[in-house]
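Here is the structure we will look at.
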């Protein structure tokens, strides 16, 4: 059946790591990149050298106006308007929209004008169908042209919430993500529109922040709609975050039974998505993990038989980028069935 041909719009943190993930997983082929703010030589440099994930091991060079990565040629364009990007002419059928700007169906579908067949938004969307691989990806239909891969935090929380809800029932819950800083934050105090705290120095502070990640779980697991909400603390680490799901369960349960259920899912239907560990890990141990969610069996606690706190780690950059690639591969299989 071949591999889906992919274009990337926006060569930032997620755009670059989607390219890395596509090469590592070898299930999709990136044939085109568009970014109006990065020229070709700088693109080569930014892709090859990464302060968080290390130097890319394969050859990266520029040949005849194209970015060559591991011997594969990638066409590069610099259009600001998505409708002007020649995806079709460059062979890209599936476009990863990773600018963070075009996150609604109306805005993202502009890519279709240039010949793209499908658009995958690498962020939550107000109106596009939202998918978390391992949880609800099987509800994708070939009639859908624009979809969302949700957020990195939703991708961590949803697999864990699904396992717990399926086995024991979640009556209600609160999520906190202790989240590494990201590119939207400030290196030193600066202006920040409505959310004043977001403008404080990322390296200097623990910053309370809003997140729609927990509520979004209700979109991918309808039974949990209205039962979860959450918040974030942005902390001075460059990568890897951790979810704390504190929830009231329907069925009385021992913590050992929860561990057993998560381990069973991690070794079975959610292999590669949900991971189980009893190792005494810290955040840097998770950097480079391709899993959506790494359940920390020894970090969780239980107050009584229906009230628990569950902990799961995630590489908010690379793990999420791997799911973007997996979602495209799944869409391609469905589209060509």
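Heads up, the Cβ atoms here are built off N, Cα and C, so glycines get one too.
Site annotation (TrEMBL, ligand D-glyceraldehyde 3-phosphate) includes 151, 152, 153, 211, 212, 234; from 182, 187, 277, the additional listed residue is 182. The binding-site residues close to residue 151 (D-glyceraldehyde 3-phosphate binding site), defined as a CA atom within 10 A of its CA, are 122, 316 out of 35, 80, 122, 316. Secondary structure of the domain 'Glyceraldehyde 3-phosphate dehydrogenase NAD(P) binding' (4-152), assigned with DSSP and counted as helix (H, G, I), strand (E, B) and coil, comes to 39 helix, 37 strand, 73 coil.
Nearest to residue 152 (D-glyceraldehyde 3-phosphate binding site) in space, judged by Cα atoms and limited to the recorded positions 13, 14, 80, 179, 316, is 316. Around residue 35 (NAD(+) binding site), the same-chain residues at least 6 positions away in sequence with a Cβ under 8 Å from its Cβ are 9, 10, 11, 15, 43, 76, 78.
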